[in-house]
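Student: Positions annotated as active site, proton acceptor by TrEMBL: B:Glu50, B:Asp61.
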Amino acid sequence: MKLENPNSFRTGPDERGHFGIFGGRFVAETLMPLILDLERHYEAAKKDPAFHAELNNLLTHYVGRPSPLYFAERLTEYLGGAKIYFKREELNHTGAHKINNVLGQILLARRMGKTRIIAETGAGQHGVATATACARFGLECIVYMGAVDVERQKPNVFRMNMLGAKVVPVQSGARTLKDAMNEALRDWVTNVEDTFYCIGTAAGPHPYPAMVRDFQCIIGEETRKQMLAAEGRLPDSLFACIGGGSNAIGLFHPFLDDRQIEIYGVEAAGYGLDKAHAASLAGGRPGVLHGNRTYLLMDADGQIEEGHSISAGLDYPGIGPEHSWLKETGRVTYLSATDDEALAAFQLCARQEGIIPALEPAHALARVIEIAPTKPREHLLVVNISGRGDKDIFTVAEHLGGM
Amino acid sequence: MTTRIDSRFAELAREGRAALVTFIMGGDPDLETTLALLKALPAAGADVIELGMPFTDPMADGPAIQAAGLRALATHTTLAKVLKLAAEFRKADTATPLILMGYYNPIYVYGVPRFLTDAKAAGVDGVIVVDLPPEEDSELCLPAQEAGLAFIRLATPTTDDARLPTVLAHTAGFVYYVSITGITGAATPDYSKVAAAVARLKRHTALPVAVGFGVKNAENAAAIAKVADGVVVGSALVDALRKSLDANGHATAGSVAAVTDLVREIAAGVRSAAHQPA
């Protein structure tokens, strides 16, 4: 299915929350009044200079923005092609891009008078960001996390506990991110009165995909300015990893209408696309889950299948609906990288640049390593280093034999 | 159109009592057991039957129904097989309204037109799809209406007066009032609030109002039957079935009776209640 190319790729979603056939609002009736209320509050906040002033102040002085755009000189030399820049989201407070979105949503929750915040987390980065913002504003915080992820991402569990959040290990299903999201939705259905659901990626029922994207667009907006300052022109290509896809849509969106720019999203191919993986676009079909229509990993009967990735942040069987639409319009090229390729990229980045990336952006780096050498030296390439690898050192050590 | 659902509620209103609406999961723990249950439920006192279509990710259901769905999927239950089950039931029972209940994705993947055709042919009377609010009516609700299947909508304590007309606009058969904000099988509702809620709904619709979530025994059922046109019981039945299974999760000789005994008890509660809906 190939959708018609619009005049602008930046106008979505429509008023019903649709990006083409994707997106929408597929939730239980209990949640609908709340979601409509959230949409009203978000629309009002968007127009309120005070909201932006407070958010920008926090982003500058609390998160540490703007994050640098760093010329990866040694990696560029090593690969011998495109000039590679890193957008350093891993330098943000809490170690990833997640905090950009969380602060926006928490300010919104405060405007709505909500006192209890719930979140789901896979790798723990979104959980840590939410726990951090809740501590900062004195809000109760409950984080749902698959029991498997609680085990493999212990450093982040400790962090959340230290920040005063309650981490609830989810025992249902495959006990990973998908199940954590189900459990968070159940909590929300039960506690609609005082609870705000802080979703960690650009997915879920409208307005979440658009709202999370808007909060993450600061990544791409800064990149534009920084690249113009550094090189006097816009980049030629952009790379980002995709689980739900919030770091990617944040980087991509401000560039979508610059059609000469090549844009690449990289999904997790796990053990390989013919084996267990988490590449919803490469290996899935359109379906409806967690409040939106999007590409999903599922069987012939529409039952959701588990994703697999070495990266707990990418093993979600779905993807943000805007990415599904960008795939079908052909504006963004979606690739994938296996666990092994990500591990190799992780090591190369650490050794060449002295930067230990999270396993998530290591997937994007894996494709950069392949594509950069095919480009001329004047080609300006930006890869979003969406998080740092501290949380992954045990996983990596296990795979590489203890190091 | 008058469906079996309309006739059944009208008939019970004449008798002066509420309907007992029973939920079981299709394929839990296997298709044979479900068929035996379907056949036994009307005699045990079920006036309307909801048959669950299992889904891996039932976001609005509690642990009991979620586990039932996973048991059904473990024995390779599919939507096609649940539709066949409905057709089998209908061969022997032409009067009891049968409603399919579940989530949208399996239906979307099966194909909406094909689903409606097959459901209608199987003798299904209505559908409840938890994750399709009125905002997504064009997906299934309107096509179902056209196909002659009732699309039964859930109303909840969060559905305020401003929103109720939207929720009720294309609802048919009956309105399913979810008496608590929460997942299935959760807390017992506050009955005084239920009466007020039913009265509120009745100001907006002429449809019967059935109340569910939190009904575990005859006493709960009687309290609701007093003020509503129907009492829905699901998690308690699914739990009774689970307790009857052997160590490997297989049905035993006592499985069907475990459910029908509870249905008999709850039906007695429903029938004992003086029916005085607002």
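The backbone N, Cα and C atoms fix where each Cβ goes, glycine too.
Curation does not apply to TrEMBL; its annotations are automatic.
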Student: According to DSSP, does B:Asp61 (active site, proton acceptor) sit in a helix, a strand, or coil?
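Tutor: Looking at the DSSP assignment, B:Asp61 (active site, proton acceptor) belongs to neither helix nor strand, so coil.
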Student: About how far apart, in whole Å, are the alpha carbons (Cα) of B:Glu50 (active site, proton acceptor) and B:Asp61 (active site, proton acceptor)?
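Tutor: Each residue's Cα considered, B:Glu50 (active site, proton acceptor) and B:Asp61 (active site, proton acceptor) end up 15 Å apart.
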Student: Can you tell me whether DSSP puts B:Glu50 (active site, proton acceptor) in helix, strand or coil?
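Tutor: Note: B:Glu50 (active site, proton acceptor) is in a strand by DSSP.
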Student: Enter the number of other CB atoms within 10 angstroms of the CB of B:Glu50 (active site, proton acceptor).
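Tutor: Result for B:Glu50 (active site, proton acceptor): 26 other Cβ atoms within 10 Å.
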